[in-house]
Amino acid sequence: MSRVVAADDNMALPFFSPEFGNVSGASSSPTTFAQLLQNVDDSTRRSHHQHHVDVDLASPDQSVPFVLSFTDLTYSVKVRRKFTWRRSVSSDPGAPSEGIFSSKTKTLLNGITGEARDGEILAVLGASGSGKSTLIDALANRIAKGSLKGNVTLNGEVLNSKMQKAISAYVMQDDLLFPMLTVEETLMFAAEFRLPRSLSKSKKSLRVQALIDQLGLRNAANTVIGDEGHRGISGGERRRVSIGIDIIHDPILLFLDEPTSGLDSTSALSVIKVLKRIAQSGSMVIMTLHQPSYRLLRLLDRLLFLSRGQTVFSGSPAMLPRFFAEFGHPIPEHENRTEFALDLIRELEGSAGGTRSLVEFNKGFRQRKAEPRSQTGLSLKEAISASISKGKLVSGATTTTHSSGSSPVSTIPTFANPFWVELAVLAKRSMTNSRRQPELFGIRLGAVLVTGFILATMFWQLDNSPKGVQERLGCFAFAMSTTFYTCADALPVFLQERFIFMRETAYNAYRRSSYVLSHSLVALPSLIILSLAFAAITFWGVGLDGGLMGFLFYFLVILASFWAGSSFVTFLSGVVPHVMLGYTIVVAILAYFLLFSGFFINRDRIPGYWIWFHYISLVKYPYEAVLLNEFGDPTKCFVRGVQIFDNTPLVAVPQGMKVRLLATMSKSLGMRITSSTCLTTGYDILQQQGVTDLTKWNCLWVTVAWGFFFRILFYFSLLLGSKNKRR
């Protein structure tokens, strides 16, 4: 099965390979992205037949402008455990057990100290549960203030949250990408979000093309990401795309959680080589690894081994043999150093004393072999400004020079782009991804058409009789509830996008308000099509009254119902953890809305302690709106003469007998009632149904308002539920 390649009207730039290092092996400074863009610009003017330039992975000698130091990091959480009453109180071993819960403090990090430098890769290693991911979260400011003890500084200064989001990136373990976007489109959208507004579209495109070559994704540039139903790029390529999204703005700090997880050895090596290039371009790479191979080990600059939240080794890979030799467990020749170290750590963890001896030995070893503390000579702001002025594309950063001629000052806004730019880019991305999955909208449209066809044929051309009135009420109730149930199909959409949203907003790629508004705008065209199709089939098929104006209002009510239902489901998708629970909640609540809408039981007969549910029912207002639209004409008659007996046991009486009964009733009441006398108008039906409080337009506006209300709740659910921080 061949890969899915998205059609692109724009011609891709010719193949090029920016030179990341000196090919001859001579020492040189790492290439900044300003030089990278220049290389890209030059390469587009050269012949596309030039040969690819391999990257020299040797670490060049250079000064260290950035040093991330962490001192005595300690982090504990409370864990609930079951406490057995019989074992603690009763001396009778046969006594029944009564379990209660108590909390226990578990230390995930215990006095972790170390440092990382730009131009280098720091790898955190250890067995599962050793605290690797927790340490990365601590360094990336993903643990809530007050929970983490210790200090994390960059160039000796504590990073505030805004600054850290601008100069850092965090690559999650899972590859969360839009499946129907190509590799190039995915990176281009990331560039639109993260790169400074001062960069032109062409410069951003050049940055993307340079990054595609840096990541080794040139052959997959026009291939869609893919998912279970669409074949796309490989697992290793997906991982590199995920990395590319987070380094598009050239972060100074790059954190990665298990970047080689689930990859074969070749793909893993390719990913680490990419990270090495990123480090050599002037970034600081800090990542967790489970068990690196010998080939991966050669690319790492610093190692930090953890065991149950404590440091058991910290230093360069070259120090491993000497460290374990002095500890009394020399590494055998030709054996993988990291595998030996991890095996020994696991063996010690299973012993009576645990890894305490190794932890204490590491403290002494570090004191004896302590390196001099790195001094940058620059404050944090000066270092960042210097880095930006040399070509770093820190998210949204701009450099300005004072009129006095002093050194340039870099300004880093909270967001790289204004609100309207974010809105346009988000809408374009969502529409592009949706347009390539027409089956999703096709299924919803098909369901609406089938439901409308069934309603139209079941209630075909209803007459103005008591029976027709009852059938209209049932048709309206089912039609309004259908619009809400159809919206439940959209529940998985945001649940699939939620982690992408959380990753992007964690580092201020865009505002949450931009996402909510774009999400609403993109949904409107499909809702209009669904509403028009459903309204046209049911209105003319059932034979509803009102003519063209009645149809237009009926269409607006259907559209408002779809809008309110879509907003309600969107809000739920922001708070429920998974799809099945979401479906259960949606179906249950919509059933309650229908029950209290006024169709099954009139408002006047609803118990007082449940009347509040009647007024918050989403089905109530569109249901009453269509009733008012259909029965609002006071001159329209629905029960004439002998039709008064249609809903009674007398319906089976012969017509002549009904006429005589009607004459007898006329004499008794002292009024003339004939077979043509109107006994029930549309207004009478509205009175019987208890629909007298609001006009039809007010019912429409209330339905629309419910939609906006749930969109606002959706915004706050994103605001409160996407902090991405441990407690």
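Counting begins at 1 with the first residue displayed.
Each residue, glycine too, has its Cβ placed from N, Cα and C.
Pulled from Swiss-Prot, these are the features on record:
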type: DOMAIN; residues: 68-333; note: domain 'ABC transporter'
type: BINDING; residues: Gly126, Ala127, Ser128, Gly129, Ser130, Gly131, Lys132, Ser133; note: ATP binding site
type: DOMAIN; residues: 421-631; note: domain 'ABC transmembrane type-2'
type: TRANSMEM; residues: 440-460; note: transmembrane segment
type: TRANSMEM; residues: 475-495; note: transmembrane segment
type: TRANSMEM; residues: 517-537; note: transmembrane segment
type: TRANSMEM; residues: 560-580; note: transmembrane segment
type: TRANSMEM; residues: 581-601; note: transmembrane segment
type: TRANSMEM; residues: 700-720; note: transmembrane segment
Message: Restricting to the chain of Ser133 (ATP binding site) and a gap of 6 or more, list residues whose Cβ falls under 8 Å of its Cβ, or answer none.
response: Asp257, Glu258, Thr288
- line: Here the binding-site residues are Ser128, Gly129, Ser130; the one whose Cβ sees the most other Cβ atoms within 10 Å is Ser130
Field: Distal contacts, the transmembrane segment (700-720) - CB-CB under 8 A, six or more residues away
entry: 501, 505, 512-513, 515-516, 520, 553, 556-557, 560-561, 563-564, 566-568, 570-571, 574-575, 618, 621-622, 625, 694
Task: For the recorded ATP site, whose residues are Gly126, Ala127, Ser128, Gly129, Ser130, Gly131, Lys132, Ser133, find every other residue on that chain with a C-beta no more than 8 angstroms from the centre of their C-beta atoms, and list them by sequence position.
output: Thr134, Thr288, Leu306
Field: All-chain count of other Cβ atoms within 10 Å of Lys132 (ATP binding site)
entry: 24
Message: Below 8 Å Cβ to Cβ and six or more residues apart, same chain only. Which residues does that give for Gly126 (ATP binding site)?
response: Lys132, Phe305, Leu306, Ser307, Leu342, Ile345
Statement: Close in space but at least six residues away in sequence, with Cβ under 8 Å from that of Ala127 (ATP binding site), the same-chain residues are Ser307, Leu342, Ile345, Arg346, Glu349
Statement: Rounded mean pLDDT within the domain 'ABC transporter' (68-333) lands at 86
Statement: Cβ neighbour count (10 Å, all chains) around Gly131 (ATP binding site) is 26
